[in-house]
């Protein structure tokens, strides 16, 4: 239904144009006045296109003191250098802004949507056209001439535009160390051991009015807000108690609303809605304020539709609904026009070169494609492998980025031989800095985190995956929830320290109970406190001092090495340990990370997700065993094989017996990435195709290894004589075949 409607609508958009009158805004006189009369504009063009059209023709040049020579050059005179600049770069500084009436138009809005939303003055007309059933609007929209005002962007406004690819959206990062307010707070921490109290995430939900980011009106609003509060209580109730189990009362999945989800999916799978950018307000607002109503997939689509440009949204739609492509939408206009930028990197200096690639192209709108020096392979496989390999390099122990233990890889390749990597079974988290860390070292680590931020944002933007096992507290920092990190978050970083902290917190609780006990005399209280022990050992005998456990050179306050921990200062010590491990020691790293990320797109777009879901967004689907049934549904035998072929049955049986490590090897071998996209095999695009590898009659298939074409997810599989031989050859090929793209 929606496909047919979509292609009809497309034909309509292809044959209709909007009549617009471009006019200099009445309150500015320092740019040229447009004299070319009404212009016809492709309804699906973005507002940005008008800006480029005018700027290239010299209308963005701000003139000094109202020199009113309007005849400088004819309208068609094009500034070649500007035009070239626009063509080559994803983010030229914007010079003009546009209004319809009072409304400032976002650059990434389609002209059609702008006109439809702001130019149809008569309220009744707007009401009736906003109906989902009539996406093409009233006839009036096509016959009227719409006035669009332009005026120069003021320098100070320029800095806070929220557009993809600008150096924008940094306003929210934490204040730096130099601001006086901050300096005082830091001294309190350093001299007096005072740290800020943990903020309770429930407080923002327990309010009597709707949150300011819900603006839509609806009879269901009261119920929605009630559910929002109930969900928050279910999720964060344990912040109200000391020492409660940190578990949801009701799993978040129970809150999913099937009616809202169906309604949302209808909108998000309609090519027309995506092309015109006509996403209803209720959907984006609920997605960010009440994510629990929708399953992850729906929110992921919503994110791609609202966070980036229209071409990416269309690409995402086509990737997730391949059937749309089969209709007559070979029409070039639906096909997303995504620029691609190719870069060649050297495997030996991968990390260094990756940093310069991200420096140049991280914030570009173009899709990044990677190939390797002296290798023929190009396209998807090598690009996916690039993200996987850079992810691996970032885990090198010598970089000093992560907490964890040093290990060597189980099957190292090339330069990885003998290199140590950091492993942390809980997930990676930043290694803390103390007050005495060397500035040069801090600067190096901050640069790496900034790079990691760019790499992750670019991967998300280009539908790529990174292969970094990050811990939950890392994702909480990403979503700006670091002020509510507490001792239970230590378990996700360092369970050994977390367990000791937990036992010691219990001693603090017993101490408080004793102190509140009115029947105690001063002497009996003193005695009772001295007998509080951890596994039979008094606090003083544990021999702790005010340094961070595991980091003897990181003092928790000034002179901490020389301050022993006693029953009387134990509570302060624990508060400081938690604050240093999760906040103070790592804030500079995470500020740099968020800075790098936001140079690509604003982190606020991730509000559609909970921290525990970001791993799925960034790293793809979690390891689950592959069952033969799913494989049969998702993989295509071809060229010599069918689903009934012995080799194909062997293959599915072998794959369904693979453990986590073998799965990763196999995926890296066949697709270039060690993880499946979200949605598993079903979402592999193109699907995994198994073809028969052919031989001369004299050759024995058992002597050959399988080979692949990663760009199309092709596995060329010899018809082996037994399942054991196939298993062995597959694993050899997967281990050997890593890290080089030569055509087979």
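Glycine is no exception: its Cβ is also placed from the backbone N, Cα and C atoms.
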Which range of 300-319, 320-339, 340-359, 360-379 is region 'Disordered', per TrEMBL: 320-339
From 78-104, 105-131, 132-158, 159-185, the residue range that TrEMBL assigns the feature region 'Disordered': 159-185
For the domain 'HECT' (347-744), mean pLDDT (0 to 100): 85
